[in-house]
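Undergrad: Quick one: the structure is below, questions incoming.
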Amino acid sequence: MVDSQYFLPNDIGISALDCTEAFRLLSPREKLYAHYLSRSAWYGGLAVLLQTSPESASIFVLLQRLFRKQPAAQLESMATAAGLSPEEYQAFLVYAAGLYANMGNYKSFGDTKFIPNLPKEKLKALVWQSQAFQDSPSEMEALWDSCSTLLFSLEDQQKQLGLGDKGVTTYFSGNCCLEDAELAQKFLDSKNLSAYNTRLFKNKSEEGKASYEVRLASAVQKGESAMSFLKSYDCVFMVSRGDYAYLMKKVSENLEKAKEHAANENQKRMLEEYAQSFTFGSIEAHKEGSRFWIKDKGPIVESYIGFIESYRDPFGSRGEFEGFVAVVNKAMSERFAKLVSSAEVLLPELPWPKDFEKDRFLLPDFTSLDVLTFAGSGIPAGINIPNYDDIRQSEGFKNVSLGNVLAVAYATQKDKLTFLDEEDKDMYIKWKGPSFEVQVGLHELLGHGSGKLFVQDEKGTFNFEQDNVRNPETGEQITTWYKGNETWDSKFSTISCSYEECRAECVGLYLCLNKHVLSIFGHEDEDANEVVYINWLNMVRAGLLGLEFFTPESKSWRQAHMQARFVILRVLLEAGEGLVTLKESTGKDGRPDALITLDRSKVHTVGKAAIERFLCKLQVIKSTADVEGGRALYEGYSAVSDTGSHNFLRLRETVLLRKEARKMFVQANTRVKGHVELVEYEGSAAGLIRSFTERFADDAEEVEAHLLEHSTPRHSFKLR
């Protein structure tokens, strides 16, 4: 029997992302702008297949060829003829939908592999029965042979993403380990190169020297340049262009088309710089485009595109491609605008000295958006971008809350609510949405948007008063800081993503206790109290649920946000005084269960004090680039063991036993037929599949050929 965590259940939630009204209200010009931005995002999003696993692109092409020839309803008769039961055919559809939704065969939230919940020989029989196979038997057989073994394989190393013997990654060639990643980061820092749009390939040693290729994502493929690295390392690095070249060319072409329908000069300049970035592999051009994006205040159609989040790089430096296009929800955005205008009053409420806060808070855009397109491995609830430290610290950023995602992603049925007291469940269902909206707003704006990094630039100039600033934890002078081209990601590498999410989550918990914040979101008196209670209860429950994303064999976490929430649970349990209780039990079904409770009378006292102390520590460590202290603190709270007051390893088994699969979203397409049409699909596995087969209908064969070409690069991703 295969562990159920490696299957997607047949009853998994699949919802259509509604943007009908938002799109209808756009002008013809705005619709064209949104259309070409969406096309750019969808083409770029295919790069995620190549960033996820060696087999993802081939599986994608196999599925596209099956469903382009026969929609799901037609293929069902072939499945019956091949001997599949209705349940097995549904399992196949769910698997296909899952691969599309995650842009690969590893879950975007948790980085765990998933395989079809049916026998391999039955899926092969279905492929052989299909019209696609009848039309091109040799091609389909070759395609099946290229990916079928890894499609079903659950060898230990293949169960999750990771570097070296800890898992699978295509950000590095299969012969790379952590030491190679660290060496490459030193090289990149020495050359003032960003890792965001790169992958690393280690070649066979020549003359006793290790040889590395740093490959930049770009449409242009010329321009390789060998660079000798520091002699003490006795190796050679070469920087080359042309990773995902075909896809980057399609991204740039559609950005140029979108530029013709831009609303203003900032949008035009932004798109020009983005196109330069994807054409030549220049992060500096992308940063310049991001500067124009920040200046584009309050656009009707909002978007962002590039190699953005580094959650899935095992080293924490390389960005996964994503692109979104969305329409502003004006009513909801008014609340966030009020929160922005209150930011300068709220920031001093945070529990660190003013020297550890930015010299000037650059008021950002904060809008609620209805997503039209979100291409990548998954859709978040909120975003704070750009991720470039130098821009965020001195020039600003934007925040977005994705309203139509929030509306469907976090709706919960009472019978599926786990680990809560019956009295809490009704309140949880009623207040989860409103409380999460508050948490997302605070997390993005004042969590990711707060805090100063102490930097000594290349000229030796400090951005803080070195002689006067004191560490509030020790009372001593600051002795560590960021130097030259060092960034938060490059210094804290493997813990940077989760640590920062934890800091932002703590800011949300801490500031949601502020009555002014709650009134901004329309919550007063008893309603405000309920929002606070459910927000904190949701956080400690999420910490328990987070155990699903811990791998005991490698003692590693697979999801940054859930690790962060587990850390917060540990902090609040440690606070004691009955604030949080976590007890193991036996459920009504006779199977292991658990119950987590929160004493609401102690949230403002015991809870606030605990988060205040912890949040201050997190910020001081981050500001001062104290990597050693940060690792000791964060990895200590992240530890999952069977000793101590709670047996978290046993609780993890209970969480896995009762887990609910994360929802998937069906997104609309746009097409131009004289005017721009919105094409919507039903919220089902078949609807999700159809949306993808129609998404690339005009150039499907060309796209698929290039994906297969890109998925067999010059360097092997084979497991060690």
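Any Cβ shown, glycine's included, is placed from N, Cα and C.
Feature table excerpt (TrEMBL):
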type     : residues               : note
BINDING  : His443, His448, Glu501 : Zn(2+) binding site
ACT_SITE : Glu444                 : active site
Undergrad: Compute the mean position of the Cβ atoms of His443, His448, Glu501, which form the recorded Zn(2+) site, and then list in sequence order the other residues of that chain whose Cβ is within 8 Å of it.
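TA: For the Zn(2+) site, the extra neighbours are Asn384, Glu444, Gly447, Glu500, Arg503, Ala504, Glu505, Val507, Gly508.
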Undergrad: Hey, which of the recorded positions Glu444, Glu501 is the loneliest by Cβ count within 10 Å?
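TA: With the recorded positions Glu444, Glu501, fewest surrounding Cβ atoms within 10 Å: Glu501.
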Undergrad: Across all the protein chains here, work out how many other Cβ atoms are within 10 Å of the Cβ of His443 (Zn(2+) binding site).
TA: 28
Undergrad: Check each residue in the chain of His448 (Zn(2+) binding site) that is at least six apart in sequence and keep those whose C-beta is under 8 Å from its C-beta; list them in sequence order.
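TA: His448 (Zn(2+) binding site) has long-range Cβ partners Asn384, Phe397, Asn399, Glu500, Ala504.
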Undergrad: If I take the alpha carbons of the residue listed as 'active site' and Glu501 (Zn(2+) binding site), what is the distance between them in whole Å?
TA: 10
